[in-house]
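Here's a structure for you.
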Amino acid sequence: MLTKFETKSNRVKGLSFHAKRPWILASLHSGVIQLWDYRMGTLIDRFDEHEGPVRGVHFHKSQPLFVSGGDDYKIKVWNYKTHRCLFTLLGHLDYIRTVQFHHEYPWIVSASDDQTIRIWNWQSRTCISVLTGHNHYVMCASFHPKDDLVVSASLDQTVRVWDIGALRKKTVSPADDLLRLSQMNADLFGGVDAIVKYVLEGHDRGVNWASFHPTLPLIVSGADDRQVKLWRMNETKAWEVDTLRGHMNNVSSVMFHAKQDIIVSNSEDKSIRVWDATKRTGLQTFRREHDRFWILAVHPEMNLLAAGHDSGMIVFKLERERPAFAVSGDSLFYAKDRFLRYYEISTQRDTQVIPIRRPGTASLNQSPRTLSYSPTENAVLICSDLDGGSYELYIIPKDSIGRSDFMQEAKRGTGGSAVFIARNRFAVLEKSTNQVLVKNLKNEVVKKGTLPIPTDAIFYAGTGNLLCRSEDKVVIFDLQQRLVLGDLQTPFVRYVVWSNDMESVALLSKHTIIIASKKLVHQCTLHETIRVKSGAWDDNGVFIYTTLNHIKYCLPNGDSGIIKTLDVPIYITKVTANIIFCLDRDGKNRIITIDATEYIFKLSLLRKKYDHVMSMIRNSQLCGQAMIAYLQQKGFPEVALHFVEDERIRFNLALESGNISVAVASATEINEKDQWYKLGVEALRQGNAGIVEFAYQKTKNFERLSFLYLITGNLDKLSKLMKIAEVKNNVMGQFHNALYLGDVKERVKILENAGHLPLAYITASVHGLHDVAERLAIELGDNLPSLPEGKTPKLLMPPTPVMCGGDWPLLRVMKGIFEGGLENGAKGAVDDEEDGEGVWGDELDLDVDGIQNGDVEDSMQDAEGAEENDEEGGWDVDDLELPPELDTPKISSNARSSAFATPTPGMPVNQIWSQKSSLAAEQAAAGSFDTAMRLLHRQLGIKNFAPLRSMFLDLFTGSHSYLRALSSSPVVSLAIERGWNESASPNVRGPPALVYDFSQLEEKLKAGYKATTTGKFTEALRVFLSILHTIPLVVVESRREVDEVKELIIIVKEYVLGLQMELKRREMRGDPTRQQELAAYFTHCNLQTPHLRLALLSAMSVCYKARNLATASNFARRLLETNPTVESQAKTARQVIQAAERNMTDETELNYDFRNPFVICGATYVPIYRGQKDVSCPYCTARFVPGQEGNICTVCDLAVIGADASGLLCSPSQVR
């Protein structure tokens, strides 16, 4: 049994295959109907309107319908496209057991526990016949596949066959009125539309199932007497042929196989049994552990069955349908119908070679599984699963091909699989010992060898080599040298296909294809959602493969695509040019012609055969969204441009590839605001001022135009825009343009006209237009605004642009590989563009809010006339025309022949820094803060980065300088390198300059010492902490300096810990015991001698005052051992010792034993004596009690206590 699909659900009571699609309906005991795609293994839909179990379900042969019948006495007809129930048929008075559509007429037959069978017309939605006669539950009823018959099985121990010929006649020729009357009577009193033809009696218990043979006059039935009976019928009678015994419990369902001469039955004994219909013997039994079987379904056209059980269903095959075949050059050998056949690919001649019949075996799946061929010896090895795996060796005399009378006794042997590995040697796998036996053509063992991995199959891998397969791995094994040449982790490999040159291999699994080299170096993996069936390499090194429903290709880089959709699965034997030779499931040779253009085109792009690509673009019919998307994805938008007719897609591709001329043409065709805006943005990026202007004019974007004219220094057009704004009555636009032009009189005039007299007065006064100011002052009267005093006003003039007019300077670069060649192909393109130039000027329609161009011109001329009378002569605007004679952006002739493009930007320096360095400081300087933080976490266990934030920012800003080039251009950032000099190579980038160095830390250390000496403990603690925070971001050059940095960490850590305890002590006024302890611990920090003396003096004083004389005298002795230079300190110490000697006692007991060596916990400030467990900070090495593990270190405030860390990395010398 080959299980193809399995589901887990409630008990499955009804099943039905769709005739064409890979779908199956399962009706459940819970009342749900599930629709599954058994090929993809997915649940497509569920229908749950029935109340209670649904026992029967059936797909219509051609309509998108199915019918269901349940324990709610209802028959429902559903449309699976609209996902709803169309109508319900009511009439049965008890549970409905089965329902079925007629293959031709609009009928449904249903069987029910009300002891009747009903036939319904689903178009008129009426019951057209009731078949009565059974006197117990009717368990099933079904139509004959061809004749006008219905078979039913009942718990009254009979099977009945009904003739419904009269019903068909009535349907074909509708009755007249008189007949209709008698029909009504017949409906009421039981009519003669259906009559019992035969009653089959023979079962001793109730019959659960009966079904017709698809073609022969046979019936098979299964019953509660555990028997399966076979019946034959003719025109007049029906009789029992045989009884099949074997089931151990009620037989629930039994059917004939659609393709083979077998009967399949299942039962509540948890088994499915397969019987030979001619010999009437059992062939095979499949058992489940815990689940009783209830229903069977046979696919009407394919070799598929389904069975429903207590916890779901299975879709399965009884036998493999893949023909065994082997290809060698022009020859194809394959097994079909127990014959070995030969097919010559070039002439398409198909001949029978030798029979490979075996003595009859009483089980399935004995057909050949694999076939191996040795062309020089003309020998064929055929392997099958017979006897747990066996092979047969045939040597075919050259002249016997085509003579079917030739018989030969095969040389046989057992083995998991057998393949030829040389001209006259073949290898046989012995699974039990994991050995391979090498045999000659006489079937004698020549050599034995153990395989390197537990192997369940072997494949050919070149002369003398084997490809061994295990569950999750394949290896290539050289039998001669006993060496593993390559191995690869893979899903379970089913088939192995070598390329013609044996350089590449395709490993085919159930849903995966892995392409690898001959040494099993992985090249690419493809995943399919449905099963992979076969494959072959074409002449170009492309792998062509089939799934259940497609022929597909796989390029060497892993790109794949569909070539053709299949109706039925095929097995590819050979691919030549655009012809696929294949075998179908019936073992027939088929030839399929494919269109290889798409994958040849992609392969040419991949292999950079651009001349081939260009000829394909010109001559082939390549197109489609998928191809355009592929070209875009692979970075060839300029090639995609030549496939596209749709203007919008052309426009987007042109922008992407920077082809401004095509973009302009497409934008003109589309003529929408959005496209013109995008075109303006791209043209501005390229510096093509003419097209930017044109795009802004098309969208009437006057604000952007004003700014464009300002930055390009086009003051003439700026003044024209001011006039347009005046005509449009756009006061703000007028004022803007006047401001850009530096035209004060115009600004005063605009403000006055707008009614802003105070502003007009101030503007006129400040700019020295006294006559205008006086006139305005009279108008304002008392409301005269006051002017600022003591200020010297300056005229605000727009800056003169560096580039006046024209396009920005661009670097000349060579055209892309495609552009020159493609443009020559597009002959008409240049002419079109030239036509376009004239059109742009004419079509430009600056329709200013209902005023036509002519009106605008008139109003302008009036304005000019008025101004000419002015004393000052006014503005010279004679040439103003709207639309102005646009200088249509011309794509100059040399631009066509060699395009202009900006150079590709190099890699930014900070990116080079971040790629080259593994030092956290350099990563921070490069701006890669994330990387720096990751490094510090890995090296020092640092998790709290808040104290380092400002330092990161300082490092980043300190490694860059900023230059202002021009007033109108952005600031240019420059990377500053460490140790740069003029002789350095401009192409080699040095490391970044850093703002923190080791010498600064030494200065800080001295400042910390000084603050400690003077008793400024808070200040000292701040300095020492800043040293601790800076050290991770310092870089030194030599190994000696690295050691100094590590030493500095220890020194600073001791001071930080000591000062933290001293400050804590000073806060604890009310706890003298704790004060003494902290003072005592401070003396055990590793301090400089002057600081240690001060700490000892302090501790001595505290303990003496608290009458702890013994402890105080210990501090005094330690103080004297340091040889204090200050006499007063020594004198005090001696006096304390004398006082203590008179009374060597402590008034309070302290948690302090100076005789036992200890370290101090940095968080709880308690001693951790030698031998006690502790954890440490990975950065500052401060020690803590185990309970602090996982917290942030309280000494350095950076790292996590007890974290794993690799250690401080602060020098390039450590990396080398």
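Keep in mind that glycine also has a Cβ here, set from the backbone N, Cα and C atoms.
The compositional bias 'Acidic residues' annotation in TrEMBL covers 855-878. If you look up TrEMBL, you'll see 340-584 marked as domain 'COPA/B second beta-propeller'. Residues or ranges marked as domain 'COPA/B TPR' by TrEMBL: 613-769. The repeat 'WD' feature in TrEMBL is assigned to 47-88, 89-130, 131-164, 200-241, 244-285.
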What are the DSSP helix/strand/coil residue counts across the repeat 'WD' (131-164)?
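Tallying H, G and I as helix, E and B as strand, the rest coil: 0 helix, 20 strand, 14 coil.
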Using a Cβ cut-off of under 8 Å, list the residues of the same chain at least 6 residues beyond the repeat 'WD' (244-285) that approach it.
1, 205, 208-214, 218, 220-224, 226-230, 291-303, 305, 307, 309, 318-319, 362-364
For the repeat 'WD' (131-164), find every same-chain residue at least 6 residues outside the stretch whose CB is under 8 Å from a CB in it, and list them.
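Non-local partners: 94-95, 97-98, 100, 102-103, 107, 109-113, 115-119, 190, 193-201, 203-212, 214-215, 219, 221, 223-224, 231, 233, 238.
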When secondary structure is assigned with DSSP, how many helix, strand and coil residues does the repeat 'WD' (200-241) contain?
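Once the DSSP states are binned, the repeat 'WD' (200-241) shows 0 helix, 25 strand, 17 coil.
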Summarise the repeat 'WD' (89-130) by DSSP state, stating how many residues are helix, strand and coil.
0 helix, 25 strand, 17 coil
Could you pull the average pLDDT for the domain 'COPA/B second beta-propeller' (340-584)?
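Over the domain 'COPA/B second beta-propeller' (340-584), the predicted model scores a mean pLDDT of 87.
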Let's see if you can do this one: DSSP helix, strand and coil counts over the repeat 'WD' (244-285), in that order.
0 helix, 25 strand, 17 coil
Helix, strand, coil: count each for the residues of the repeat 'WD' (47-88), based on DSSP.
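Final tally across the stretch: 0 helix, 24 strand, 18 coil.
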